[in-house]
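Enquirer: Input: one structure, supplied below.
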Amino acid sequence: MPASITTGKDTVPAARSSLPALLLLGSAIACSAATQGVFGPLQEAAKLDLGLSDFQISLVQGLAASLPVAVLSIPLGRMTDRGKRVRLLAAMAVCWTLGTLMTAFAQGFAMLFAARTLAAVGMMCALPVAISIAADLSVPERRGRSLLLLSVARMVGVALSFALGGSLLGRIAAQPPALIAALAPWRGVHLIFGIASALLAIPLLWLREPARHELEGIVSPSFREAMHAIWQRRALLAPLFLGQVTVVMADASAGIWASPVLIRDYGLQPADFGAWMGLIVLLSGLVGSIIGGVLAELGQKGRIPGGLLGGAVLASLLTIPAAFFPVMPTVGGFAAMLTVLVLGGAVAGLITATALAVLLPNELRGVCLGAFVVVGAVFGFGVAPTVVTLVSDLFGGEAHIRDGLTVVTLVTSVVASIGFLVATRAGRKPENG
């Protein structure tokens with residue numbers, strides 16, 4: 001087998017020779033997602049141990065995750081385009097590993113916030129770097145498969161954070177190993193995840209920087225020109241932004257507060273629900289991506305009402321009844337409705353990305369995608385989880401977190417449906433094509 005494939009002026013590694021590097025990238029992304037996500041099923045134990053309020057937990061889980069994206073997206077993008085990406089990825093691995101280890105020894109809100117921010121820096125910033133590396137390890141015809149591997153790896157990491165995090169918490173609480181017996185069980189879990197992350201990051205030292213391909217010297221529009229072009233398409237982009245950002249708000253609120261609701265209102269422990277929560281995250285993400293792709297293709301061909309964005313409207317409408325998952329009378333009902341909510345979010349997210357690729361010219365896609373990521377992170381993670389706590393206070397305090405969660409997911413799901421519905425009309429106009 002040849003070690004490389006020549007495509008025009010570019011020489012790209014052959015599929016077999018690039019597979020180990022792609023698997024290593026996938027392992028890194030899964031690890032970053034797991035170390036960031038493991039605090040979720042353990043946050044109730046951490047809250048009690050540190051004497052924190054729901055509001056403080058919302059900042060640790062929300063604002064700490066959104067800050068890195070809001071502050072570092074543009075600088076990181078420039079570093080990714082110009083610098084040594086392998087070194088940058090290794091630096092991100094150091095960040096998420098140190099953040100996880102710091103979490104294990106956090107003694108108060110300030111240190112915990114700093115630790116989770118550091119872990120989020122690694123997780124949030126690693127994915128675009130890995131995508132850039134993976135793109136140069138594959139010929140254009142196989143690039144989609146390479147990027148799919150990274151997407152699946154991220155879902156696997158989040159799923160493992162619930163499954164392994166919950167299981168380890170139960171085992172350590174029942175029979176703590178001698179080396180971590182002095183630590184609270186939730187701290188022991190983070191210590192184990194941090195040590196495992198450090199070991200899994202070592203192979204990144206042998207990852208080689210691939211040559212950059214498809215450098216054609218294309219002149220991009222100035223920032224002012226790009227903003228003017230985006231403003232001209234505001235009839236499409238404004239409701240599309242509204243729809244997707246509110247979907248992210250619903251998903252983030254559910255992801256952060258589902259575990260406390262299961263513990264407080266259903267009497268479960270992380271060891272009881274970690275495995276099936278992880279399965280919901282994994283299967284909903286995979287199936288949602290597949291359904292979203294099919295609906296986007298059917299919409300482009302005019303086979304479903306609303307065209308390309310018609311599938312996003314349908315998906316967001318399904319999330320409206322699913323928003324009542326926190327107040328379902330049974331755990332089974334909770335799980336079923338949560339699955340529909342996460343599935344709908346995955347479908348809408350993929351269709352939104354497809355719409356940007358289809359309805360916008362090439363030179364505007366990067367700017368719009370970057371804006372979607374930043375705005376989604378700020379409002380989805382930085383605002384929505386905290387709003388849940390504020391609404392629960394209106395109902396009577398922390399004992400009503402399920403009510404606050406229901407209201408926020410319901411309102412955001414309704415707004416998302418309206419946003420996508422308005423965007424479908426603008427998306428059919430020739431000037432937005």
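For all residues, glycine too, the Cβ spot is worked out from N, Cα and C.
As annotated in TrEMBL:
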DOMAIN    21-431  domain 'Major facilitator superfamily (MFS) profile'
SIGNAL    1-32  signal peptide
TRANSMEM  57-76  transmembrane segment
TRANSMEM  88-107  transmembrane segment
TRANSMEM  113-135  transmembrane segment
TRANSMEM  147-169  transmembrane segment
TRANSMEM  189-207  transmembrane segment
TRANSMEM  236-258  transmembrane segment
TRANSMEM  273-296  transmembrane segment
TRANSMEM  308-328  transmembrane segment
TRANSMEM  334-360  transmembrane segment
TRANSMEM  367-392  transmembrane segment
TRANSMEM  404-423  transmembrane segment
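Give me the lay of the land around each of these features.
Expert: Residues of the same chain lying 6 or more positions beyond the ends of the transmembrane segment (57-76) and with a Cβ under 8 Å from any Cβ of it are 36, 39-40, 43, 46-47, 88, 109, 112-113, 116-117, 120-121, 124-125, 128-129, 252, 256, 370, 373-374, 377-378, 380-386, 388-389.
Tertiary neighbourhood of the transmembrane segment (88-107): same-chain residues 25, 28, 31-32, 35-36, 38-39, 50, 76, 79-80, 114-123, 125-126, 129-130, 133, 183, 187-188, 190-191, 193-195, 197-198, 201, 204-205, 207, selected by CB-CB distance under 8 Å and a gap of 6+ residues from either end.
Residues 21-22, 25, 28-29, 32-33, 35-36, 39, 59-61, 63-65, 67-69, 72, 76-77, 80-81, 85-86, 88-89, 92-100, 102-103, 106, 143, 146-147, 149-150, 154, 209-210, 213, 377 of the same chain lie 6+ residues outside the transmembrane segment (113-135) yet bring a C-beta within less than 8 angstroms of a C-beta in it.
Sequence-distant contacts of the transmembrane segment (236-258) (same chain, at least 6 residues past either end, Cβ-Cβ under 8 Å): 40, 43, 58, 61-62, 230, 277, 281, 309, 312, 316, 319, 323, 325-326, 338, 341-342, 344-345, 348-349, 352, 355-356, 359, 368, 371-372, 375-377, 379-381, 383-385, 387-388, 401, 404-405, 408-409, 412-413, 415-423, 426-427, 429, 432.
Within its own chain, the transmembrane segment (273-296) has Cβ neighbours under 8 Å at 41, 151-152, 155-156, 158-167, 169, 255, 258-259, 262, 304, 308, 310-311, 314-315, 331, 335, 338-339, 342-351, 354-355, counting only residues six or more beyond its boundaries.
Counting residues 6+ beyond its ends, the transmembrane segment (308-328) has Cβ neighbours under 8 Å at 240, 243, 247, 250, 254, 257-258, 261, 265, 291-292, 295-296, 298-300, 334, 336-338, 340-341, 343-345, 347-348, 351-352, 354-355, 358-359, 402-403, 405-406, 409-410, 412-414, 416-417, 420-421, 423-424, 427 in the same chain.
Sequence-distant neighbours of the transmembrane segment (334-360) (same chain, 6+ residues past either end, Cβ-Cβ under 8 Å): 233, 236, 240, 243-244, 247-248, 250-251, 254, 258, 261-262, 266, 276, 280-281, 283-285, 287-289, 291-293, 295-296, 299-300, 308-309, 311-312, 315-316, 318-319, 321-326, 328, 368-369, 372, 409, 413, 416, 420, 423, 427, 432-433.
Sequence-distant contacts of the transmembrane segment (404-423) (same chain, at least 6 residues past either end, Cβ-Cβ under 8 Å): 236, 239-244, 246-247, 249-250, 253-254, 257-258, 261, 306, 309, 312-313, 316-317, 319-320, 322-327, 341, 348, 355, 384, 387-395.
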Enquirer: When you check the transmembrane segment (189-207) against the transmembrane segment (367-392), do you get at least 3 Cβ pairs under 8 Å, counting only pairs 6 or more apart in sequence?
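Expert: Result for the transmembrane segment (189-207) with the transmembrane segment (367-392) is no.
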Enquirer: How about long-range neighbours of the transmembrane segment (367-392): same chain, 6 or more residues beyond its ends, C-beta under 8 Å?
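Expert: Apart from its flanks, the transmembrane segment (367-392) reaches 53-55, 57-59, 61-63, 65-67, 69-70, 73-74, 77, 124, 226, 230, 237, 241, 244-245, 248-253, 256-257, 352-353, 356, 360, 398, 400-401, 403-405, 407-408, 412.
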Enquirer: Average pLDDT across the domain 'Major facilitator superfamily (MFS) profile' (21-431)?
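Expert: So the average pLDDT across the domain 'Major facilitator superfamily (MFS) profile' (21-431) works out to 86.
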